[in-house]
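Peer 1: Below, the features straight out of TrEMBL:
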DOMAIN    98-539  domain 'Major facilitator superfamily (MFS) profile'
TRANSMEM  37-60  transmembrane segment
TRANSMEM  167-186  transmembrane segment
TRANSMEM  193-212  transmembrane segment
TRANSMEM  224-245  transmembrane segment
TRANSMEM  252-273  transmembrane segment
TRANSMEM  279-300  transmembrane segment
TRANSMEM  370-390  transmembrane segment
TRANSMEM  402-421  transmembrane segment
TRANSMEM  428-446  transmembrane segment
TRANSMEM  452-476  transmembrane segment
TRANSMEM  488-508  transmembrane segment
TRANSMEM  514-534  transmembrane segment
Amino acid sequence: MTVMVESTKIEEGNGPPKIETFDDILPYVGEASRYQWFLFILLLPFTFVYAFLYFAQFFITLVPAEHWCSIPELDHYNLTDHEKIAIGIPPATPEELQLEAATWFSKCYMYDVNYTELFEQGVREANQSWPLVPCKQGWTFNHTMIPYASIAAELEWVCDKTFLGSAAQSAFFVGSIIGGLIFGYIADHYGRIPALVSCNAVGFFASIATAFCNSFWSFCLARLVVGASFDNCFNVLFIIVIEYVGPKYRTLVANMSFGIYFAAAAGLLPWIAYWIADWRILSVVTAFPMITAFLGPWLVPESARWYIMSGKIDKAIGMLKKFAKVNGKEVKQEVFEEFEKSCKSMIEKDQSHNQYTVVHLFKLPRLARITVMLVIYWLLIILVFDGHVWNMKLLDPDVFTSFSLAAMTELPAAILLALFLDRWGRRWMGFASMFMCGIFSFIAIGTPPGTLTVTMAILARLGVNIAANIGFQYAAEMLPTVVRAQGVSLIHIIGYFAHIIGPYVIYLADVNQYLPLIVLGLLSFLDALLTLALPETLNQELPETLQEGNDFGKDQSFWWIPCISSTPELKKSAKKKKKKEGMANAAFQGSIQTIDCTRL
């Protein structure tokens, strides 16, 4: 579910208040006061839920790099693991040695001999001419670096079953597509709070059910249901918070909620998994923040914009009066009367938008090309992001430290965006961040395995983190208002298909150990170049009609950089900026129309 909100236009003077949009009333009831701070703090557990759902399966299915065929016959001779491997396991093949996280011994084959007879004959070392056979009686895992047996280790998803872990992750994101449609519909037709509570309830009980899974298919089913709650478990509240915060504070709130909360949650998760050292308990513990959602009806205010969309203007006004009371604001009745008039006007405007669907994005040639490029742009970002997340387990045996450090790049990404995004613009900063990701991906290939390689991979992750946050708002600013909500929803839903195939990037290492980073680097460069083919949106008049969307950016020079250029484009944008004083992150601007994903 994706929601757009309108830009603000604050009128000053001694005359009657002029309220044209929802944002115009926020200065009267408080833009960033006590109630908004309460909602921002309330985002904390829901952001933890978002991060835990996204990354918990990584640790639930983690398999130690060192594993070998189990040979029960050797257990009778009081041998160390090294001695068992020396006599029972053949050396790794040249193909196995080429893989990331390779060991000197084979992980999938054992000698097919009678060890009782060999020990009676005094044989203590293997003969490489002995016949080989795939593991027949399971595997033994070295839990020195990963101190617990995940479900993948318990069910032995190794060798020819390695793909099952990624298949289960794909099931999670298939569930996300289904959940996006279901809970998006609930949010639009029954309210944001029912969607928030029901979504988190589904995620909570499915996460608990995960702990009782004992087969691949039961695990896939549980994770598919958990995936149905992903995104909306956080986005519903995030959208409510953004709606009630004044426009000039929205960029800060949006970036800091990810930069602080998400980074903290994702950085802490590896150590929760390490300390608990039990995948079943981990799946239960990571579900507990979702309990907060059950208090939603008493803690979270319903979206006033949803009340307006539903024709319940009196309830919207009542909610705004509650904000004014908590924030210590006194608001004249004439302000609410003017707001009521503007609400009726907004409803009529949005009803006129209902004649448009996402299909209209493809009826004008240039707008269709921009839409397709935005879809590809977002797909590549998601694919590279997930690829780097899953590739981390191949780069460093201490996956807990490396994963935690990589996750913490969300904070510097948010800081860099807050400092430079509204100076350099979306286009060039998007290009620079993905180009940086590609550069460090290729540098990682040329560095010796170890700390330096992991450092390069983490810097690459920083680049794609920045790009992902830019991509979050780029489409919302570029698509015309009449189809903005449906267009962003389309791009968002298609992005799930990149999530589905993202975990499989690591299996390119079966061909060559460097291939995952090569592919991720090339995709990063491709995405960087694609960014330059898109128009700049910083300080530009957002397109309202389909024709404006088709013509958007036609007059921009390829080399235009907002913060250093003195071209006509900059002068034009400066004038527009003065006219639209107070406008902030346009990803949170647009119509208040109903966003029903089923309309796609």
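Keep in mind that glycine also has a Cβ here, set from the backbone N, Cα and C atoms.
Describe the structural context of these features.
Peer 2: Residues 150-152, 168-169, 172, 200, 203, 207, 210, 223, 226-227, 229-231, 233-234, 237-238, 240-241, 244-245, 253, 257-258, 261-262, 264-266, 269-270, 273, 279, 282-283, 286-287, 289-290, 292-293, 299-301, 326, 389-390, 393, 403, 407 of the same chain, all 6+ positions outside the transmembrane segment (37-60), place their C-beta atoms under 8 angstroms from a C-beta of that stretch.
For the transmembrane segment (167-186), the residues of the chain that approach it from at least six positions outside its boundaries are 1, 57, 61, 194-195, 198-199, 202, 216, 219-221, 223-232, 236, 489, 492-493, 496, 499-501, 503-504, 595-598, judged by C-beta separation under 8 angstroms.
Sequence-distant neighbours of the transmembrane segment (224-245) (same chain, 6+ residues past either end, Cβ-Cβ under 8 Å): 1-3, 5, 22, 26, 31-32, 35-36, 39-40, 42-43, 46-47, 49-50, 53-54, 171-176, 178-180, 182-184, 187, 192, 195-196, 199-200, 202-203, 206-207, 209-210, 253-254, 257, 290, 293, 300-305, 323, 588.
Beyond its flanks by at least six residues, the transmembrane segment (252-273) meets 40, 43-44, 47-48, 50-52, 54-56, 59, 62, 148, 238, 241-242, 245, 279, 282, 285-286, 399-401, 403-405, 407-411, 413-415, 417-418, 469, 585, 587-588 of its own chain at Cβ-Cβ distances under 8 Å.
When Cβ-Cβ distances below 8 Å are used as the criterion, the transmembrane segment (402-421) is approached by residues 51, 55, 58, 251-252, 255-256, 258-260, 262-263, 266-271, 388-389, 392, 395-396, 429, 454, 457-458, 461-462, 465-466, 469-470 of the same chain, each at least six residues removed from its ends.
Long-range neighbours of the transmembrane segment (428-446) within the same chain, counting only residues 6 or more positions beyond its ends whose Cβ lies under 8 Å from a Cβ of the stretch, are 381, 384, 388, 395, 417, 420-421, 453, 456-457, 459-464, 466-467, 470-471, 474, 514, 517-518, 520-525, 527-529, 531-532, 536, 561.
Residues 100, 370, 373-374, 376-377, 380-381, 383-384, 387-388, 391, 394, 427, 430-432, 434-435, 437-439, 441-442, 444-445, 457, 460, 463-464, 467, 474, 478, 505-506, 508, 553, 558 of the same chain lie 6 or more positions beyond the ends of the transmembrane segment (514-534) yet place their CB under 8 Å from a CB of it.
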Peer 1: Are the transmembrane segment (279-300) and the transmembrane segment (370-390) close, by which I mean at least 3 Cβ pairs under 8 Å that are 6+ residues apart in sequence?
Peer 2: no
